[in-house]
Amino acid sequence: MDLKAICVLSVILVVALSTLAEGMTSSTRCQCKLAPSERRNCGYPGISAEECKKAGCCFNASVPGIPWCFAPKAKRVTKVCPNDPYLRVNCGFPGITAKECERKGCCFRAHPAGVPWCFYHRTVEE
């Protein structure tokens, strides 16, 4: 293979690996607090703690006979109506009623003046 082809393949490999790395997120401590019986295997036999964490998984080798590298708990997400009126994103139209707004699945608060009264929920991770 000539040098030009090797360079092109190297660039493709670097781009592919960086794209894969962007998709991985590390788990938070509370997501890794699972009872041993709830652990779902996330690695392979002999995986190191570093490799496991790089894969976005949790690692705990304190209990023999169960997965040490395991999938974290799913993040809990809730919808809330923002308290700050200036964070509201309009979901309705002038004169919309509370009932019409709620049918659209939005929040409704008829105060203060000058901000949307019908507005979208905000998603919050717990």
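Glycine too: its Cβ is placed from the backbone N, Cα and C atoms.
Of the cysteines listed (CYS101, CYS107), TrEMBL assigns CYS101 as the disulfide partner of CYS118.
Of the listed cysteines CYS106, CYS107, TrEMBL assigns the disulfide bond with CYS91 to CYS106. For CYS69, the cysteine that TrEMBL lists as its disulphide partner among CYS32, CYS52, CYS107 is CYS52. Annotation in TrEMBL places CYS81 in a disulphide bond whose other cysteine, of CYS32, CYS42, CYS107, is CYS107.
Relative to CYS101 (disulfide bond), the disulfide-bonded residues with Cα atoms inside 10 Å are CYS91, CYS107, the candidates having been CYS42, CYS52, CYS57, CYS81, CYS91, CYS107. Using a 10 Å Cα-Cα cut-off around CYS106 (disulfide bond), the disulfide-bonded residues CYS42, CYS52, CYS57, CYS69, CYS81, CYS118 reduce to CYS81, CYS118. CYS118 (disulfide bond) sits 5 Å from CYS91 (disulfide bond), taking the Cα positions as reference. Cα to Cα, CYS107 (disulfide bond) and CYS91 (disulfide bond) are separated by 8 Å.
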